[in-house]
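Listed in Swiss-Prot for this protein:
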- 16, 17, 42, 43, 56, 57, 69, 70: glutathione binding site (BINDING)
- 6-85: domain 'GST N-terminal' (DOMAIN)
- 90-217: domain 'GST C-terminal' (DOMAIN)
- 151: phosphothreonine (MOD_RES)
């Protein structure tokens with residue numbers, strides 16, 4: 001389906017993994033889009049108008065239709081633009097991709113980053129709890145080039161935008177090697193494979209800028 005850039009608009013924030021994964025999906029499918037950078041602190045009238053429920057990015061505007069929440073947007077993109085499928089066709093495999101994506105956003109993010117930043121139980125305890133979660137993903141990607149198999153898919157976009165190109169830079173800023181190669185060889189191999197994909201590289205935020213951004217996030221978490 002040929003689209004013009006003005007038909008597809010994405011409101012996002014440069015350091016947001018939720019925004020990055022949507023951009024990866026657009027690039028994977030070759031969909032032209034207009035990107036509108038948002039200030040997530042001083043939210044624009046446009047953002048508040050089109051996403052009054054969550055008041056956050058990303059937001060997709062397509063031919064007057066508005067969608068928020070990255071998982072919802074990714075599924076919608078996959079249904080509208082059929083080329084280079086993101087989700088598996090098999091119902092069970094599709095359900096499992098959605099399951100693990102939810103696991104990444106709802107379990108890995110809060111435990112592996114927020115808990116470590118707060119360190120209420122001590123940093124070492126928090127790291128141990130986080131690494132127990134990563135072991136599930138280590139097993140899930142074992143023997144595969146990507147979570148999606150030979151090509152990147154839904155879970156690769158979700159986990160890839162969140163773990164190596166967001167959380168890992170936060171851990172780096174805290175001086176923590178959360179996913180050491182000797183303990184997680186499969187995850188590290190997967191990360192290397194991701195970095196070889198052009199559309200992924202195009203969507204990765206600048207490393208040093210993101211590390212500084214994540215340091216500020218850590219300070220906000222600690223002071224909350």
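Cβ coordinates are placed from backbone N, Cα and C, and glycine is handled just like the others.
Note that the structure is a prediction, hence the values are computed from the model and not measured.
Around residue 17 (glutathione binding site), the C-beta neighbours below 8 angstroms that are at least 6 residues distant in the chain are 161, 162, 165, 166. Sequence-distant neighbours of residue 56 (glutathione binding site) (same chain, six or more apart, CB under 8 Å from its CB) are 40, 47, 68, listed in sequence order. Over the domain 'GST N-terminal' (6-85), the average per-residue pLDDT in this prediction is 96. The DSSP secondary structure for the residue listed as 'phosphothreonine' is coil.
Summarising the glutathione site geometry, the residues cited as binding it (16, 17, 42, 43, 56, 57, 69, 70) extend over a maximum Cα to Cα distance of 21 Å.
Comparing the residue listed as 'phosphothreonine' with residue 70 (glutathione binding site), their Cα atoms are 20 Å apart once rounded. Taken through DSSP, the domain 'GST N-terminal' (6-85) splits into 32 helix, 17 strand, 31 coil.
Note on residue 69 (glutathione binding site): other Cβ atoms within 10 Å of its Cβ, all shown chains, come to 17.
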